[in-house]
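Accompanying notes for the structure given below.
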Amino acid sequence: MGDTLNNGEYARSLSDNDSELDKKKRKNRRRRGRQPRFRPYPTLSPDEDVDTVEAVADRSDRRRSDRHANGKPMAPFNTTQFLLEDLAARTEEGAQDDLNKLPNRQRSISVGNEQISVHSYSDQGSSSGESDTDKGLDQDFETEYLSVKRERMDNMTKSELQEELLERDRDTETLHDECEKMHSENRHLKELLAANGIAYEEAQLSPAAQNVAAV
């Protein structure tokens, strides 16, 4: 009985010592004296809001100066924003209306009761990563297409041939107008680059200009 009590007291003393050691190991994390407590933007007064924005801008300037002084690479500034602004302005002025006026038809030839689309195959054949099998299929299609086209024209009447020629003339005029529009756009962009001090050759090599063109 006495041994049991002694063992219980010994166990309690060990647990008390462990708890005291845990308390000693724990450290209360104290807030730095110089760092103010964070407050979200909605709770700031107008003056405090302005001070916060200026502090963030000053900190960014200091970091940028430090990186520049240490020779670290800097992110390039957005020097092509004027291209996007010009595009948006011309779009608002009616450039989109001009695009909507262009005919958006898909060329097809009729063989019996079937329709063969020309653009769908030509678009697939123009991909840069096509394999040899795809090239062979494209060549077979072109050969078959020309054969069907000759047969179709042989069976056409004189009036149908005249209508076909008139339609081709209209297509040629449409393509000519599109080319003129692209040339005018190209000249306008060159003038815009020159007005902002960017050489045309430099813009061709600039990744930022390539991103603008992709957009």
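Each residue, glycine too, has its Cβ placed from N, Cα and C.
Just so you know, TrEMBL annotations are computer predictions that nobody has curated.
What TrEMBL annotates here:
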type	residues	note
REGION	1-171	region 'Disordered'
COMPBIAS	24-37	compositional bias 'Basic residues'
COMPBIAS	56-69	compositional bias 'Basic and acidic residues'
COMPBIAS	103-116	compositional bias 'Polar residues'
COMPBIAS	117-130	compositional bias 'Low complexity'
COMPBIAS	147-171	compositional bias 'Basic and acidic residues'
Secondary structure content of the compositional bias 'Basic and acidic residues' (147-171), with strand meaning DSSP E or B:
22 helix, 0 strand, 3 coil
Secondary structure content, the compositional bias 'Basic and acidic residues' (56-69) (per DSSP, counts of residues):
14 helix, 0 strand, 0 coil
